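Okay, structure first, notes after.
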Amino acid sequence: MSEINSPLIHLKDISKVFLTDEIETHALSGINLDINEGEFLSISGPSGCGKSTLLSILGLLDSPSAGSYSLAGREVASLNNNERSRIRNLDVGFIFQSFNLIGDLTVYENVELPLVYRGLKASERKTRVLEALEKVQMSHRQSHYPHQLSGGQQQRVAVARALGGTPRILLADEPTGNLDSKNGGKVMEMLQELNKEGATICMVTHDERYNDMASRIVHLFDGKVVDETVAAVAQA
Amino acid sequence: MSFTNDLKVGMRQFGRNPGSMIMAIMAFSLGLGLVGLMLTLVFGVVKGHPENIDFDEIYVLQWDESTRHLWKSGGQFGFIRPKDFRDIDERQEVFENFAFMRNHTFNVVIDKYAERFEGSFVSHDLFDTLGVKPHLGSFFQKGDDEPDRLKKAVISYDIWKNHFESRETIIGQSFNINGQAATIIGVAPEGFDFPSRNDVWMNDTTDYINMSRIDGNGLFVLATLKEGQTLASALAPMNTIAKSMSEEYPETNTGYIAFEITPLSENFIGEDFPRMVYILVACSLMVLLIACTNVANLTLSRATTRVKELAIRASLGGKRQRLVFQMLVEGLAVAFFGGIGGLIIAIWTSKMIWAFVLSASYANPPRWMSMDVDLTTIGYLALITLVASIIASIVPALRASRTDVNEILKDNSRGASSLKMGVFSKILVLAQLSVSCGLLIATTAMVNGAKEAAVFEPPYDPSEIMTARFDFPESYFPGEQRGEAIRRLQELMELNPNLEGVGFSTSVDMLFNWDSRWALRGREAATREDYIQARNEIVSDNYFELLDIPILYGRGFEAMDRGENAEKVCVINEQLAKRLWPDDIQDAIGQQIRDVYSDTIPWSTIIGIVPDTKMAGPGANKTDEQLGGVYRPLSSANDQPSLTVFAKTGGNPTAQADQIRAILHNEDESFALYRIKTVASAVKESQFGVIFFRNIFGMFGAAAFLLASIGVYGVMDFSIRQKFQEYSIRQALGAGRQTIFKHVFKMSSWQIILGVVIGSAIGYGILGLMTQNQMVSPSANPAIFIIPILLIVGVSIAALYAPARYVVNANLADTLRGE
Ligand SMILES: Nc1ncnc2c1ncn2[C@@H]1O[C@H](COP(=O)(O)OP(=O)(O)OP(=O)(O)O)[C@@H](O)[C@H]1O
Ligand SMILES: [Mg+2]
């Protein structure tokens, strides 16, 4: 448990350098960022500025080249593979632009998967899966396969999958990128709803409209945090 | 859509991904090469025949195996005895030519020294029956078979050239052959050595008229049908003759009521060798099947990378059959080059194997035999190549054509790898694992069998004893003189200061002994078949002493056992004693036994017991019946037509042989010494059959294992990489490395288990087919299953581990980010 007042996520001097064909790409350089519990953070910036890279590091899909990252008071930048998997499973929920549902598994099984990895009992998994599907209004489709669903529906299932594990933080990289505005709006409303219920969310989006839904907007440029805006509405 | 355009695409594809195409070509080459090798064995050896003799038109006449009673003819098998031959020849009306031959060795004195040749005594019309014309001079004429006729000889082209400098004046000249004068009347055409490696053919002037019906060597009877007769129409009248003869001569012919008439083409090679070859053909086709699955998988994975491109084209109005067509064109190209590679491998391996056959003195194939890649082989290979290429490309092509273009374009989650061939690739893996497991089991069994065939541990050191053989036919020393002659030879050899002791035996190469059935005085059996079976060896008195074989109980042979009036004695080995006197083998001493196959051999008293003397020759796992045996002294059984002479090598077997040859030659110039070797090298030679087949199986096993390893890796790699995205998602959701590994292995474990089970069944089946075979004895024990199974499981795990590792080491951030 984190101490009172200490942020859920604390990034200090995080940088990420990619080496391809002997060319160094500084995707992130000296990022300092705190995310508090219950916050709805949006990361914005031009293409290639490092948004996705930052999110990957936050989600422990990738590790930083330098700097320290503490999640709920625990240093996680230099954990081994298995410990990282464990944290991803317990503390992080992912929502991807391209949904990333497993095609061979049903909606139910997709949502259940992280809970299986967590080692929960079948009965508890069932309660949680149904609850999560209920939240995204997809209970009636639980035995369908992803390819039988529309894009918006697939993304809602992905949201349910991220929720089911009640993670400390939800990471969403352009969750509406592959959706039309109607479906995109629906997914965003859902995220806002979740945030109101207490979920911490960190999101990347290109869509200005959805930026406003966040409580704080972090502006990235060329791998650095250049500006922060705190939305007055959300603060209220 | 133009063909050239497709070719261009194909070439570009090849340029982009030459490894996969080269792999496919190499897999095909290996599979087709082994099939080609087997075809040379089928067409050159099993179905081969000399150029100028039609093996299908010449028939072999024998007594029917199922009706005859072996023991009545003294173990002459299906061969027809001389007197019966005369009767049948006079009565039969279905055959145009009716000839016989019987093998014999001929010692021909050329320039004072005797050379020994393999040959046959033949009836006058043998060459007519075979349809062969002389190269020089003439063949035999009617009447040459009569007992009062001159001895005549036809010689092979080979010895005419090598020993007589191709002199035409040789015709009409007289030579000492087997101690008697014979005139050379003709030279056979080049390459003729019928039936196998024969160099001399002589007319058979044996007085068959005055011979008893049961006597004489069995004859190999060859005949050609009269115009209008068929095999079926000939059999009934021939069997009528057999029946009437069995009634006329009940003493000797009871039970001989039917003939077996087989084309020479079937009879010549026997049953065991072709069966073995056809098993191998089946195995080579299995290797080819593995190669086909490899090629299919490679084609499929190439197609997969192209399927999205094709789908986009299709959506732009391109025709969908195009992919199928391209795959077929590509398949044919792979098959063409694979076929050429296969041809090269077939030529190379068949040359290698034939060289091995020729180098082994035990094989001694007829000169016309060969394992050449001829036009027939090439024709069949081309056909098989075509079929294989269709098998290898049709399934992936159909798979590819059936995929829904719309789905491929829509489906983001699985990227370009939307060819849903899960079941197909699982079958590929299963086929590869099970077939290679089966072949590996057969291979291991053969390797083990060869190892066991080499087991020969007599009380003496086989490398220190030399063995040689000489013929000692009646024509040299008839009747009573024989015993005296043998004793004199032995004395001369013992007196020679350069020889460290010389003995005689009937055992061929000191390894192989005849079987007999033995009666024990006081224990009568109902039929001869019920008497106890044991080996039979006749040895000189000094045999046990020279070979360091201890006498466990009683004594060995001594001077007092010699002579007409001496008591007939024998020594038995421990195995036989244990079977007959299980309570106390010492009880054997003083008991009397007798060879029931012969009415002329009297009871002999057991005077001694020796330990296990390996009378059954090399090889492990012999039955008690094979191991037990009786030794009788040469002094009381000197009617042997050939004898083995053995001596301590003193480090130089050839020098010893020279001394022995000189002594023999001194005694009679027509004596020839042959089969000169150490016992150790004889053991090695005796393994020819099993080593021959072990080597071929070894190649098959290695090829199958190699192809299956590559193939299984290919399929596993392909199917795991297809699920790359999925595994990345699973990891993002919290699956650790172990979880992913477990998932991968669990997914494939049933394939591996099922593959090993089916493979064991295949291996068991192949072994079952082989154990009916006399030539080779694959040995069946648990190890021959365990080793291949471990190899297959090991390879499968390795094949899974590599792509699984690749998957868990993937950069998740890259994989999961949207396209
Ligand atoms: N695996 C990688 N190897 C090399 N360079 C990379 C890799 N991943 C990202 N980059 C580079 O790092 C920089 C930041 O990339 P990132 O994907 O984080 O940008 P982004 O802000 O998400 O852009 P967009 O808005 O287009 O999604 C880019 O210059 C990109 O080319
Ligand atoms: Mg991005």
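The backbone N, Cα and C atoms fix where each Cβ goes, and this holds for glycine too.
TrEMBL: automatically predicted annotations, no manual curation.
Note that this is a predicted model, so its numbers are computed, not measured.
If you check TrEMBL, you get these features:
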- B:22-236: domain 'MacB-like periplasmic core' (DOMAIN)
- B:284-403: domain 'ABC3 transporter permease C-terminal' (DOMAIN)
- B:434-662: domain 'MacB-like periplasmic core' (DOMAIN)
- B:699-811: domain 'ABC3 transporter permease C-terminal' (DOMAIN)
- B:21-46: transmembrane segment (TRANSMEM)
- B:276-300: transmembrane segment (TRANSMEM)
- B:328-357: transmembrane segment (TRANSMEM)
- B:377-398: transmembrane segment (TRANSMEM)
- B:419-442: transmembrane segment (TRANSMEM)
- B:696-716: transmembrane segment (TRANSMEM)
- B:752-771: transmembrane segment (TRANSMEM)
- B:783-802: transmembrane segment (TRANSMEM)
Residue numbers, six or more beyond the limits of the transmembrane segment (B:21-46), whose CB comes under 8 Å of its CB atoms: 14, 269, 273-274, 277-278, 280-281, 284-285, 287-292, 294-295, 298-299, 330, 334-335, 337-350, 353, 365, 369-374, 376-377, 380-381, 384-385, 388-389, 392, 696, 699-700, 703, 706-707, 710-711, 714
Mean of pLDDT values spanning the domain 'ABC3 transporter permease C-terminal' (B:284-403): 83
Spatial neighbours of the transmembrane segment (B:696-716) far in sequence, C-beta under 8 Å, 6+ residues away: 23, 27, 30-31, 34, 37, 280, 283-284, 286-287, 290-291, 293-294, 297-298, 301, 349, 353, 425, 428-429, 432-433, 435-436, 439-440, 442-444, 446-447, 748, 791-792, 795-796, 798-800, 802-803
Secondary structure tally of the domain 'ABC3 transporter permease C-terminal' (B:699-811) (DSSP, helix then strand then coil): 95 helix, 0 strand, 18 coil
Secondary structure tally of the domain 'ABC3 transporter permease C-terminal' (B:284-403) (DSSP, helix then strand then coil): 99 helix, 0 strand, 21 coil
